[in-house]
Amino acid sequence: MRVLLAALVYIPCLTAVVRIPLTRFESIRGKLRKRGELRKLLEDRQPDIFVQRYPHCLPSDINLSQGLATERLYDYMNAQYYGEVSVGTPPQRFTVVFDTGSSDFWVPSARCYSKACSMHKRFESFMSYSYAQVGEPFYLQYGTGSLIGVTAKDTVQFSNLSIEAQDFGESVYEPDLTFTFAHFDGVLGLGYPSLSVLHGLPVFDNMLRQQLIEEPVFSFILNRGGNTENGGELIFGGIDHSLYKGSIHWVPVTEQKYWKIHMDNVKIQGQIAACKEGCAAIVDSGTSLITGPPSQIIRLQQKIGAHPAPHGEFIVDCRRLSSLPPITFTIGQREYTITSKQYIIKQTSGGEAFCLSGFQALDLGPRNKPMWILGDVFMSAFYCVFDRGNNRVGFAHKAK
C-alpha cells in the first residue's frame, strides 16, 4: 500500500543516488546449448522470417521496402545481467536488460501473441490509470528475428524514483525461440537520444528533464562468479567512490549515439595484437562478450590458443587457463588489462565443462573503420562511469 500511495501522491524531488541491484543469469545461448537447440536456431535463423511470412500482421503504415529505421541490438543471446523496473499506476514489475548499446525502453504487451510473450510478464495497459496510448508502430531487428510493437507513455519507477509520462514500447510480436528462454522481460536503453527508434525521450534523458537526479551520470559495477543474485549494481545520479581504487580515467565520447570511444590498441604480453592503428569501440552493457573485426579476432584467438567450435565460438583447454596471457586494451593512453580468469567463460554442455573464449568476431561499422564492442567481459573488470554532462566514459579499477 505504501508503494501505491507514493505513486498516487508523487512529489518531484532530487535524489542523490538511485541504486538498482543487478542479477546475473545463464545466457540464452547457454540455455539453448544445454537443450540441444542452439545448432538448429543458428542454422535456420532468418532475421526477417516473420516479416516475410506474415506481412499482413504489420501495421499498415510500416513499409519495409522503403528501409524502415531499425535498431540493431547485438548480442542478446549472451546478455547476462538484468534488474527490475515498474511501469504504470499501480506499478507492474518487469525485469529488463539495462543496455548502453540502445536507447529505447520496451516491455511485452498483454496484446502480444507470440509464445515468447506468454513466458514473460506482460504489461496490462487497461490496469494503469496513468497510461497514455501513442500508437506509433516500431520495429527492432535482432540477429535472430524481428520484434514489432507500438508506442505508449506511462509512469516508470526505479526504487524510490518515479518518471512521469515516459515514452516506451509495447511489443506485440517477439522472436520466439531466443526470447522464450530469456530471463528478462524487456530492454531499457541507456544510449543517446539520436539512437532511438521509438523517437521518444529515453528514460535517462527524462530523468534529467524532470530533475530527478543531481548529476547526469550513471555507472555500472558488474560481478562475475557463482553468486548469481549479486550480479552487481547500476547507479544513477552520481559516483560511488567506495567501489573503485585509484582514480577514474576519462575518455571522450567520439559520436553521441552509442557510447563510442577511441581505442589505441590491443596488446598481448606487450606486443600489439589488434587495433594497430587505433579503432572505434562501443562500451556496451547489453553485449556479454568483447567483439571485433573477424580477421583481428581470429588472430587474437590464435595467440591465446583458442580453437574454433560450432556456432562461431572459440574454446580453450580448461587445463591451460593459468598459463593464458593477460590481454591489455589501451584507451586514452591508459592500459586496462584483463586476465584469463576474466576473459574465459566456463560453461557446461551434456554434463561436461568447457571453456569459452570471451572474444567474438563481429562485422560492425564501415570496412575501413571497423568497430569493437567492449561488453560485459570487459566492463566486469572495471568500475565503468557514463557521464552525459561531459560526454565521456570513465574507467577505474574495482575496489575488490
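Using the three backbone atoms N, Cα and C, a Cβ is placed for every residue, glycine included.
Automatic prediction, not curation, is the source of TrEMBL annotations.
Counting every protein chain shown, the number of other Cβ atoms lying within 10 Å of the Cβ of Asp99 (active site) is 24. If you look up TrEMBL, you'll see Asp99 (among others) marked as active site.
Per TrEMBL, active site is recorded for Asp284 (among others).
Of all the Cβ atoms in the protein chains shown, 22 others lie within 10 Å of the Cβ of Cys112 (disulfide bond). Taken from TrEMBL, the feature disulfide bond covers Cys112-Cys117 (among others).
Its own atom aside, the Cβ of Cys275 (disulfide bond) has 23 Cβ atoms within 10 angstroms in the protein chains shown. Per TrEMBL, the feature disulfide bond maps to Cys275-Cys279 (among others).
Residues annotated as disulfide bond in TrEMBL: Cys318-Cys355 (among others). Within the same chain, residues at least 6 positions away in sequence whose Cβ sits under 8 Å from that of Cys318 (disulfide bond) are Lys346, Ala353, Phe354, Cys355.
Residues annotated as domain 'Peptidase A1' in TrEMBL: 81-396.
Annotated signal peptide per TrEMBL: 1-16, in sequence order.
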*Cys117, Cys279, Cys355: which of these disulfide-bonded residues has the highest Cβ count within 10 Å of its own Cβ?*
Cys117
*Looking at the recorded positions Cys112, Cys117, Cys275, Cys279, Asp284, which ones sit with their CA no more than 10 Å from the CA of Asp99 (active site)?*
Asp284
_Integer Å distance between the CA atoms belonging to Asp284 (active site) and Cys117 (disulfide bond)_ = 25
_Rounded to the nearest Å - Cα separation of Asp284 (active site) and Cys112 (disulfide bond)_ = 28
*Averaged across the domain 'Peptidase A1' (81-396), what pLDDT does the model get? Just tell me the whole number, please.*
91
